[in-house]
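Record features, source TrEMBL:
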type: BINDING; residues: 9, 400; note: Mg(2+) binding site
type: BINDING; residues: 16, 216, 217, 218, 219, 220; note: ATP binding site
type: BINDING; residues: 100; note: substrate binding site
type: ACT_SITE; residues: 156; note: active site, proton donor/acceptor
type: SITE; residues: 188; note: site 'Transition state stabilizer'
type: SITE; residues: 249; note: site 'Transition state stabilizer'
Ligand SMILES: Nc1ncnc2c1ncn2[C@@H]1O[C@H](COP(=O)(O)OP(=O)(O)O)[C@@H](O)[C@H]1O
Ligand SMILES: CC(=O)OP(=O)(O)O
Ligand SMILES: [Mg+2]
């Protein structure tokens, strides 16, 4: 019997699902059978991208798909209806479903989703308003459609457990901070973990010796200072709102700003429910800010190539805010750096953005090869460094689904026997 892993990555604007077959003999991932992505949930109509071997669908427009749960159900139907994907004919062969859960609070590693973990993740929903509840809607759908699969949660926050206390502590009343768990958690950790492994293989260096300034730039964007293969600092905080701006997020602003923006900042937002309590301030800063508020679109590919005033402004804001992290993280690493890494949808495809960011930090010893930077990135790690530059600049096609599936294989013994 073949064993199948379904790896599900619910982002704020997309759902990405990869299907893997595990080799029984060696207990390792044998093949990626298919990958399906529904993207553009914040820039409708959502679009489907699908790859199974040579079979490709590129950007099929979808009607009535607006939530991560819609996207999950659509993808699962698509996978099981694909005549060529014989491995999924018997849904019972899906042994594990991995779920990217953005906020895992104090969980230091992946967990089987049982009643207790489910409720714990649910309790953290207010701290990741664009992410945890949608991920749980997919967990419920899996329990409904694939009752034989074991659900495992992989947390974006776990990778950042190594951040020193003096960095993760906010200078506020510590009795309240401790009681309410108010500290820097950090996110995109599954992606950063993938980046460390990918660079270790690419540079032929043990991961514990790698120092990286990594930028995961997608719908949500963050920077991470990776010291000796571990997270030392990151730009997101208690919630994924802090740090860099994103598709619909403001990123860091003066904390007093909201009280001057609206008098009802602290009132419950209309999208609050019994299970999700967010204020109007949180709603505005998470859902109605960022590129959407400045330009009317969340499509950063469009923004980057447009010469409209507001698109250029958004572009320059992003470049400026990213630069605000690269230089300090470089100094935190004492200039002993293996690479500056770009990843995530914008990091991987945004050649103009990479050019502008690297140009801002050229005094530190970074420079791009213009031709390599413009080319399509065909490998997991692409080197776009100019000849003679002191430090490497790399583009990594990050793969959170693969990182989670590898985790399942590694930790299988811990999961088996527990539902
Ligand atoms: N050619 C491009 N140049 C710059 N940004 C792009 C390009 N194509 C897509 N993007 C952007 O990538 C982002 C999505 O990144 P991704 O990491 O897939 O998002 P998510 O956070 O949902 O996982 C979107 O903002 C999209 O506009
Ligand atoms: C943590 C986060 O912001 O994730 P995403 O970029 O997938 O929305
Ligand atoms: Mg993402």
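The backbone N, Cα and C atoms fix where each Cβ goes, and this holds for glycine too.
Local packing around the recorded positions 156, 400 was summarised as the count of other Cβ atoms within 10 Å of each Cβ; on this measure the leading residue is 156.
Under 8 Å, Cβ to Cβ, and six or more positions away along its own chain, residue 9 (Mg(2+) binding site) finds 15, 16, 17, 100, 190, 400, 401, 404. Note: the ATP site is recorded as 16, 216, 217, 218, 219, 220; in the same chain, 11, 12, 13, 188, 191, 221, 246, 344, 345, 346 also have Cβ atoms within 8 Å of that site's Cβ centroid.
Among the recorded positions 188, 218, 220, 400, the residues whose Cβ sits under 6 Å from any atom of ligand 2 are 188, 218, 220.
The distance from the Cα of residue 218 (ATP binding site) to the Cα of residue 188 (site 'Transition state stabilizer') comes to 10 Å. Proximity of the recorded positions 9, 156, 218, 219 to ligand 1, judged by a Cβ distance under 6 angstroms to any of its atoms, singles out 218, 219 in sequence order. Taking a Cβ distance under 6 Å to any atom of ligand 3 as the criterion, the recorded positions 100, 156, 217, 218, 400 reduce to 218. Residue 249 (site 'Transition state stabilizer') is surrounded by 27 other CB atoms, counting those within 10 A of its CB over all protein chains shown.
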